[in-house]
Amino acid sequence: GPVYLAGYLGLSGSWVLLALALWLCWGLNRRGKRDRLAAAFALLEDEREAVCRGLAARHLPAWVHFPDVERVEWLNKVLVQAWPYFGTIMEKTFKEVLEPKIRAKSVHLKTCTFTKIHFGEKCPRINGIKAYTKEIDRRQVTLDLQICYIGDCEIHMDISKFNLGVKGVQLYGTLRVILEPLLTDAPFVGAVTLFFMQKPHLEINWAGMSNLLDVPGINVMSDSLIQDFIAARLVLPNRITVPLKKNMNIAHLRFPVPQGVIRVHLLEAENLVQKDNFFGAIRGKSDPYALLRVGTTQYRSKTVSRDLNPIWNETFEFVVHEVPGQDLEVDLYDEDPDKDDFMGSLLIGLVDVMNDRTVDEWFPLSKTTSGHLHLKLEWLSLVNDQEKLHEDKKGLSTAILIVYLDSAFNLPKNHFEYSNGECGAKKIKNNKYLKKMEREPSSFVLLTVGNKTQKSKTCNFSKDPTWGQAFTFFVHSAHSQSLHIEIKDKERDSALGTSVVCLSHLLKDPNMTLDQRFQLDHSSSDSFIKMKLVLRALNVEEPDPQRVKAGVNASKQGPTRVTEKAGNQQKFVSPPQVSKVPPMSIDSAALESLPKTDSGEDLDTKDSSAAPVPSEMASGLDEAEGKQNAEHGPPSALPSGAAAVPTLPVLQEMRLAPSVTSLGSLPSSCFELSSSNLDIHNGTEMPLGEIQLTVRYASIRQSLVVLVNGCRNLVPSSNRGVDPYVRIYLLPDRRWTSRKKTSVKKKTLNPQYDEKFEFFESLENVKKRTLDIAVKNSRPFISQERKELGKVRIDLSQEDLIKGFAQW
């Protein structure tokens, strides 16, 4: 039939092939959707079997991966019992509320009728709930619900003899529920606020004429339109707030002031994957660019041509509404004429950036074989201080303007109907569109600050529209910039009124807030728009020196606090640098020359300057070992060249504050290389040397960071010397692919590596593992020399990994 029709119309045979290709792709999409829906139903029927199958593939529920996510089977059982009654209520709502609204939208939809509404037997499931207690206000309860809806619902609708319908829906997402404020009387909760943290994953199995939406090209567009529709109402910063108590003012709950601003400096990348190739064999360089995303806000960087080590030096700013909850997502792509190739991604939790204030480090890219990204992240707090509003010399934002758009009153029906203009309604009496122009306006608002314009939703057929939306703008100069408001009619694209508010007016108010009606220009004399404007300065606070950073900068040396004996003033002195050569043993006379004080006293800076002590001494022993040495005396034998162990009074005088920012300020034990498993013929039990390690858990990147600094006093395995390197396993994983290995240092017994390795595991999983670290000799293949020089095993369950440790 199609072939004959193409010949009859004189069309080329390529049209037949094109139609055949579209039909095949449409069928493939339809079968794929049905298969995915069937697989989801099977998983829903037997969760136990699905979890067992997912053990190997690691596709497990959230409560398996994260211990703070709780399983709530009792709540799922309640949903199963209540689902039929909920379906009845929704069927009635579709018929009595939704159907009349659809008919009122357009003349072409007046025949809209729901012919079948059935929500099926499958109800939504909650795979896990996470409750926040520490990071939030005491007057609220915050819950994150892992929602999973694999529904067999069936909804059909007729419009002008065309049948449209849905037969099956899949929805996955994290729904945040906030109960606030908590009250002392019934109902004990003032309101409930609901929103999705990110765009939920949605897949719809269409029925009837709606099957055309599965045609390639159209399916992507239709899915994105539906997701954007949901995001405009239910994804941050949009919220749904339901009051539970009468006369409860929910405006500040629906539109809370953002928690802060994250300023992202996209600096550079290195060792990116080569994606461009010619004829499938010749590898070429890539053209990388970055997509940065927080919530629904996304920015794209410039494209750097033909460079695997691109330098961007760009700055982006994001408004952060919920912490914890929102994350910074960075995706790198290779720009191509047809389809851009994925080059790696990065996910950073903003709660750690908020606590650290400033993070400047290299982040390893995930979902790729190589590549690092250099970012500088700054957390900007919102403060009510006009002194912080000085103009930035680099052109960065200095403030944020929050606009709460409430409503408008007595808008004109058209742009001719206003009393202060030259035109009047008399001039259009004979216009054939007069009846159309006499209808109530369908209005929306355009808000502009600088060169950024945002658009509100449209309120149909109302002279007194209510929008109820919030908008945010970055402000560079609050003294000179203005907010421009324009109300337009959707039907005729004409202006119904304008207004200009100078931001300097907000500076006259102590709280930098205006909540009032604003007179509209070029409109009726009694036309107003009601808004609330809030101006807040952006302030970069200094990081807390007592806080331990979670990033790579945690391994860098910082100031060590030493408290003076007299007065309450505190001095910060730089810690002694770790020498790259083995420290010499300290003379006993030098130890005796140190002043002896009581254990409760602090170290006098004058005495410390007179008798400097290497940092290895402070990090060599903890208090328990110091007591043991004081009772039993100094060790009887020390290896040649090793540092002498300080006695307890010396350690008591050195009241150094433990901090990961200083390698030499952590109480620890010596990591001596063991010889228990080695074949040593020297007839002694002396240790084989020491290795210096820095170990911590970087919560920003969800990884265990092991920094191999160096070794000292290694025992040579032959007369020709050794070429040492360090091998690391995270037991019980002994796979070759998961092995970490440093570079080889030639002919030295005191090698310095300063190399960093990461194991991407959750903190709970790392707590169950053991670090297996061995120092080996890089020998020729046929050599008879001993290969293993020593090894160390560290039980990570006994360590405070968030605080970290750095020790020999």
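Here, residue 1 is simply the first one shown, and the rest follow in order.
Glycine residues also receive a Cβ, built from the backbone N, Cα and C atoms like all the rest.
The model shown is predicted, which means the values in this text are computed figures rather than measured ones.
With a threshold of 8 Å between CB atoms, the same-chain residues lying at least 6 positions outside the transmembrane segment (6-26) that come near it are 211, 214-216. The feature transmembrane segment is assigned by TrEMBL to 6-26.
Look at TrEMBL and you will find 236-363 (among others) tagged as domain 'C2'.
The feature domain 'C2' is assigned by TrEMBL to 381-522 (among others).
Sequence annotations record features per position, and here TrEMBL assigns region 'Disordered' to 546-642.
Summarising the annotation, TrEMBL assigns compositional bias 'Polar residues' to 554-572.
If you average pLDDT over the domain 'C2' (687-808) in this model, you get 84. The domain 'C2' annotation in TrEMBL covers 687-808 (among others).
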Counts of helix, strand and coil residues, the domain 'C2' (236-363), according to DSSP: 11 helix, 63 strand, 54 coil
Secondary structure content, the domain 'C2' (687-808) (per DSSP, counts of residues): 10 helix, 57 strand, 55 coil
Counts by DSSP class (helix H/G/I, strand E/B, coil) across the domain 'C2' (381-522): 17 helix, 61 strand, 64 coil
